[in-house]
Structure formats: structure tokens, C-alpha cells
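Just below is one structure, and these are the notes that go with it.
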């Protein structure tokens with residue numbers, strides 16, 4: 001689905017795209033402009049073909065982003081926006097103004113001028129996806145255009161005029177650590193467990209029965225004296241229970257939760273007067289009552305202190 005979300009994917013997207021590409025590019029442009037020109041946008045040599053090519057490529061993206069959004073292709077729109085960030089990042093890495101600043105300072109002015117135009121356009125294109133980031137970029141640049149009016153002007157070359165003075169630079173994004181993700185995953189698991197508990201608590205109450213019907217049930221405490229797996233089955237145990245009045249066999253579907261040797265001596269609650277029936281050729285005389293959790297886990301219903309086998313439940 002277009003809206004599918006996982007915390008691990010979120011971490012990868014933030015660290016590998018927002019931090020490493022968009023954030024890195026904007027930060028380098030801001031830092032270099034402050035370092036070389038005290039934050040003032042300057043223009044040196046005329047735009048060359050490489051500069052024009054990156055600007056032309058960038059100018060094609062707003063219409064594509066807009067079309068993707070109108071067609072509800074939000075991931076495609078986001079990918080196109082990140083492509084714009086990649087264009088800027090690659091342009092700055094290819095031009096290497098930090099290596100040219102001494103030998104060709106006028107060229108560096110133009111490189112950073114072009115990079116500044118890209119930053120300004122990214123600030124507008126970010127609005128549908130990252131509105132707070134868009135505001136940060138605008139705040140750093142020191143311009144006051146609105147995203148609504150500016151979107152139609154993205155093809156203009158001088159979206160950030162020469163002489164604009166940048167405000168102090170701020171980080172757009174911070175890396176998300178594994179520890180932060182583990183914390184969110186833990187919260188998610190806790191929420192799931194809570195939902196399971198609520199599901200159990202919200203199990204509808206069955207229809208009322210007459211008190212006389214309840215009194216017909218003979219429920220007693222027994223003790224398990226023997227247990228073994230029923231051959232050729234995965235879930236069934238053949239259990240011998242001392243009920244205080246006899247020792248009887250009960251077949252119970254609890255083999256996935258208990259080993260036979262682990263339940264010897266356990267006190268259990270037995271419905272004594274359930275009609276006997278044959279299960280896998282074994283006559284089962286009654287039912288051992290179990291509690292079932294939301295995830296299907298079973299546990300014995302039993303007294304909290306030891307009582308004599310045969311003690312009645314009422």
C-alpha cells in the first residue's frame with residue numbers, strides 16, 4: 001500500500017535521504033555562504049552550461065510532482081522531490097567550490113549562487129511533504145515568499161536575489177539512532193499487548209442461564225496423577241485426575257502448552273458431570289477447565305492454595 005509504514009524504513013529514509021542528501025546539501029550551501037561571504041548571496045562569472053543544465057533539470061520537477069500528487073501517487077511525488085535534492089547535492093559535489101575558492105573566487109560566487117537557487121526551490125517544493133522543513137529553509141534564507149504564490153514561479157532563475165543575507169544556519173534533520181527505533185518498537189509491542197488485553201476484556205458476555213442450570217454443573221477440584229501424549233496427535237494429552245471420589249481419564253487439548261511430566265501433581269478444576277465421549281478411541285470423562293488469553297495461550301483454572309481433591313466449586 002502507498003501508506004505502508006515501518007519504523008525501520010522510517011529510520012532508513014530519514015538517515016539516508018533527509019539527513020544525507022537534503023539536509024547535507026542545504027547545510028553545506030549555508031555554511032559556505034556564511035564562511036566566504038558572511039552569509040550574503042553573491043554572483044560572479046556568468047552561468048555556464050553545467051549550471052544551466054542542473055537548473056533546467058530542476059525546473060522540470062515541480063510539474064511532475066504536482067501531477068503525481070493530483071493522481072494520488074504520493075510516494076512517486078516524494079521520490080521526485082528527493083531527486084531535486086540529489087541534483088543539488090551532486091551539483092555541489094561535482095563543482096567543489098571549496099577547492100576553487102582561492103584560484104577562481106568569481107566562479108565560486110556563481111556556484112554558490114546557483115546552489116542557493118536550488119535551496120530556495122527546495123524550500124518551496126518541500127511544502128507538501130515537509131512543511132516544517134520548508135519553513136526552516138525559508139527562515140534561514142531570510143525570504144518571505146509564500147509557498148502558494150512561489151510554486152508557479154519556480155522556473156524563474158533568481159528566486160533568491162543577489163544581495164540576500166542569510167540568517168544563521170540550523171540543522172534541518174538529525175540522525176535517528178537504533179536506540180530510538182528500539183524504543184518505538186517496544187512501545188508498539190506494548191500497545192499490541194494492551195490491545196490484546198482490551199480484546200479479552202471486551203469479549204461479549206454470553207446469554208443468561210437459569211440458576212438451576214448452573215447448579216446442575218458438578219465442578220470440583222482434582223489433582224493430576226498421570227499424563228501422557230495421545231499417539232498421532234499434536235494437541236491432545238491423556239490425563240488421569242484424582243477427583244476425590246474416583247480417578248478418571250480426561251482428554252484435553254493442551255499438549256502445545258504443557259509437557260506431560262510438568263503437570264503431574266497440579267491441581268485443576270474439573271467439570272465432572274459432562275457427558276462422556278470418545279476422543280481418538282479414549283473415553284474422556286469430564287473436562288478440565290482452562291483460561292485462554294487473547295493470543296490463545298492456555299493456563300489451568302486452579303485454587304491459589306492447596307485444597308483436598310473433591311472440593312466443590314460454587
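Each Cβ is built from the backbone N, Cα and C atoms, and glycine gets one as well.
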Stated TrEMBL location of coiled coil, expressed as one of 140-170, 171-201, 202-232: 171-201
According to DSSP, how is the domain 'TRNA-binding' (213-314) divided among helix, strand and coil residues? 6 helix, 43 strand, 53 coil
Sequence-remote contacts (6 or more beyond its ends) of the coiled coil (171-201), Cβ cut-off under 8 Å? 7-8, 10-11, 14-15, 18-19, 22-23, 26-27, 133, 136-137, 293-295
